[in-house]
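For reference, the structure discussed in these notes is given below.
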């Protein structure tokens, strides 16, 4: 299935059923009173976070989603059946924006599994004429129509929720690293931009299988990424909610004059995209140490110590230096809070909180 992280849909709640205009008619009861039942409420539209889903692909195929209309009332004081609610399952981490008169409004952030929010309320069913009888109105010849359901145009934006985000220049070996520490099997090749979409991997502690860490690998960043260069800009949003970042630099991109220029370049792009993301806690990693001599490697380690940088030197391909790095990942993950908002619902009208509008009636001829 293709990875799709943005889609536009229209949701339409069900209409309320009309109230019934009816009078009791039985043998030997010439003046039976009103007995029209109420219409059923229309179905509402809900959004639910489902952690089994990883893409919005299905919402590119279908744009309109409608809940069921309420049934009209009937005679003998029979109320109409309520319309069935419609529940749309979305990936965890989906942001929901509604189009309003002043632009888009964030109405829901599905950042927790099984979180559910109401986005379009069904219309209320109309009252039957039996509802309007009184001591002064014995035979009301009118009933109330059902209300229309709410309708909204929504934009869905998926931001993957992960504990750690892998960032770096293209061809730094991020995909090889995630394949070594998790069960993820991304495409790996010796050329830039092998990773075209985010990959998710789950790292499981060998001692405690319930101890898990979700790692997101995004396409490599290049200079000018914040302006749309390369592939990274589109996917940077997928590391916005991570607890921390793992910044991987290939030893091939480590020079003599300024060995850490690659780190600085990517960090500058992060800051230009989002100032807070640029300050996110990072673990710096130099990968592919199998490509240099032991003397060159030792010189780089000495330079890192002299510059006061804590840099992990590894070879993801040959499984060199991974164990200390993995232990650091666990320690940082468990000591850092997740950057994720709570589920919220705002900006959309909840019909249940409104006063019932002035009665609209349907008259019949005498």
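Glycine is no exception: its Cβ is also placed from the backbone N, Cα and C atoms.
Matching 65-92, 93-120, 121-148, 149-176 against Swiss-Prot, the residues noted as region 'Disordered' span 121-148.
If you count neighbouring Cβ atoms within 10 Å for each of the binding-site residues 174, 288, the highest count belongs to 174. Per DSSP, the region 'Disordered' (121-148) is made up of 4 helix, 2 strand, 22 coil. The 10 Å shell around the Cβ of residue 168 (GTP binding site) contains 27 further Cβ atoms across the protein chains shown.
When Cβ atoms from all protein chains are considered, those within 10 Å of residue 175 (Mg(2+) binding site) total 24, not counting its own.
In the three-state DSSP scheme, residue 168 (GTP binding site) is classed as strand.
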